[in-house]
Ligand SMILES: *[C@@H]1O[C@H](CO)[C@@H](O)[C@H](O)[C@H]1NC(C)=O
Ligand SMILES: *[C@@H]1O[C@H](CO)[C@@H](O)[C@H](O)[C@H]1NC(C)=O
């Protein structure tokens, strides 16, 4: 696991002028090594602290009478790179993908404390800035950067505040250039959408990624962010649309609030920060994590007693999100009244872990770390957005999540081995888990909701799994010495085996998936041709991306 190393130093002004300066911060953030593992997960890159502008001052609105039914207002700005795409792709993005994703998010969320207009802050040429007493603006040391960027996108001049600078000694502070314009009206969040083939696109096989870039001063709510689509991964095939749509929604939710880089900035219902602040108004920066450190009102560690094979019980360390609405919704969902919080992903490295719900527990919830099947945005994700303190939420926009529903405390607090064995003893189905090996011909079953055919993803790994994830004491047709090699194919689901949709590939080309609701998946001739002899079948395991075909 790579950790972003960030060096943060405080710049002390030892001049008579220091009295003028309430806070003088010198941010010298060493270029952190880019984190990259090629893997089929959603790696939400938490933006480095130096790429984010915190405490952006926005003018309070003068008159603000808002209708109760008013929605979150996302202003989408398409970068030139989107305009330059092939016409079909451009049309897909601008007329279908983003309008539909944003419409869902706008209907689901509403900002608690809206601002009249948004005018973003400028980046500094040196990454060094200071703040003056009785002045809410940020002053750059020496000069403002030529361009202010939000992720890979250059922010248009008319979206930016005036440049404010002080000299090297923090004196002679002044504004430069034209006075502030009005800013962007009727918007709570500015989303810059680009389609640039960035380094990440090449490295990670992803469709899109997004993050926030500026947070306002009053509540620390993100007011701007970006979403970059990797042009080569955008598919105009209709059967891929649902997956891409949920990927785009998933990514924008990271930018709006669900990010380990934002946990320390969450507020309670009364508008007070859940994590203590320092004189500069910011929480403590954790150098080793590369993020602002959250308090235990947001995230808590816990240890579970974890049953594995050979009657061993190991300690299993987890992180729980413990804010009130999330706790309430998680308890209701699993029917576990003493559940302390909703477990966060513990695998997949920085970017996947902590930034998603635990895959083992909420498999097809859209805010888990990889796409497997039928993604839904559940009440638990909406509860998290409410618990940021920034949004009100319309729960009737939540989609129904069947996975884990009403399964009780043993399901959510014990290993899947414990659960599977307990169900077997009671002679009850082990669903949502499964325990049949993938074999040739494929043993097809129906997914729990009967909407797709699926296959148990229990498989043999070339290496033994870590002891913590060895769940089988016996398996039909498997030698005892080989049992440590067996587990579900999805690592971030703690290798628990479950029935999963898959896709058909013919000569390496994607043909169709096993979702019965998608019309393109049901060409009669293909069904007959392929059901009998499936040349290649692979599980869905990436945000609308198929694994490279594996032979069965
Ligand atoms: C919540 O969403 C539902 C379904 O879209 C809608 O009918 C209802 O009017 C919304 N409620 C509010 C308060 O916006
Ligand atoms: C920073 O993060 C590391 C790794 O999670 C943790 O061990 C350490 O206690 C944190 N530091 C503070 C000051 O909380």
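Glycine is no exception: its Cβ is also placed from the backbone N, Cα and C atoms.
Any TrEMBL annotation is an automated prediction that lacks curation.
Quick caveat, the model's predicted, so the values are computed rather than measured.
Per TrEMBL, the feature signal peptide maps to 1-34.
In the three-state DSSP classification, residue 250 (Zn(2+) binding site) falls within a helix. Marked as Zn(2+) binding site by TrEMBL: 250, 254, 356.
The annotation active site is assigned in TrEMBL to 251.
Across the fold, the C-alpha of residue 251 (active site) and the C-alpha of residue 356 (Zn(2+) binding site) stand 11 Å from each other. Every protein chain considered, the tally of other Cβ atoms within 10 Å of the Cβ of residue 254 (Zn(2+) binding site) stands at 26. Listed in sequence order, 42, 44, 344, 345, 348, 367, 368, 369, 492 are the same-chain residues at least 6 apart in sequence whose CB falls under 8 Å from the CB of residue 356 (Zn(2+) binding site).
Residue 356 (Zn(2+) binding site) falls within neither a helix nor a strand when secondary structure is assigned with DSSP, and so counts as coil.
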